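Feature annotations, reproduced from TrEMBL:
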- 102-136: repeat 'WD' (REPEAT)
- 146-181: repeat 'WD' (REPEAT)
- 189-225: repeat 'WD' (REPEAT)
- 233-275: repeat 'WD' (REPEAT)
């Protein structure tokens, strides 16, 4: 039986979760009132205990919060993206206001990510204003603004392998790979014939990126040969909101969807679907793997819950024993 730890956030609908890169038990959640359509946002910092999840800190923001990322250089610091076009830098040691607010985007900031490669500390943000911006960790005026997408930008994710390189996914149906130093798009892939809401890099192969779309499919791409995906993962019945590659298995990834489920896949298999977890009663929007605790997963949903669990299909022996 799968053990699930639950945190309830009444009247706050979860949009994103991320596990701390420093503290194995710590999780951040970006949430919004009224499904993010109106009202304010809340940033939650939670700690796992033996039996559940406890609130460490929460902050209110004047608009919805849609994404959150932990600093890769300071265990106390996080960045969030807001419906008012702002990025806010928060510090768990500072109880009241953000350390800094940067407001350059002209519409909702839907995605933020903090670079993970050594010797580099940069933040990337993507917005409904169809631009991507790159920032230093102090959120000084943005270092560069990148244009090229012709739709809302839903996902911007740094390569874990290549410094100054990130992927972006957009409502225009393309996956783009960007080079910050040259301030150019290196690759534009017409990955889906529908909006792409999420992308992520494989943690073990610098050429592999996955996309999740409103067309209910996950596509896995090898950037060296973009004519067709390496695999197309079928099973979701509504839009895929977010996907994440496992930090522990080269070909395993998870996806969450507006069909209320989280699905686990091994894209190297002929039958890639490993498991479907159905424990939410609303859209599942946030998803992350714990970097410290093998195969532990965190998700959040519009049903006002954050859940932590280890899916049976990834528990020791289960995955390798399957056909």
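Positions of Cβ are set from backbone N, Cα and C atoms, glycine also.
Just so you know, TrEMBL annotations never went through curation; they're auto-generated.
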Grab the pLDDT values for the repeat 'WD' (233-275) and give me their mean, rounded.
-> 98
Could you put numbers on the helix, strand and coil content of the repeat 'WD' (233-275), residue by residue per DSSP?
-> 0 helix, 21 strand, 22 coil
Which bits of the chain, at least 6 residues beyond where the repeat 'WD' (146-181) starts or stops, bring a Cβ under 8 A of a Cβ in it?
-> 110-117, 119-120, 122, 124-128, 130-134, 187-201, 203, 206, 209, 211-213, 221, 223, 242
Within the repeat 'WD' (102-136), how many residues are helix, strand or coil going by DSSP?
-> 0 helix, 18 strand, 17 coil
Helix, strand, coil residue numbers for the repeat 'WD' (189-225) per DSSP?
-> 0 helix, 20 strand, 17 coil
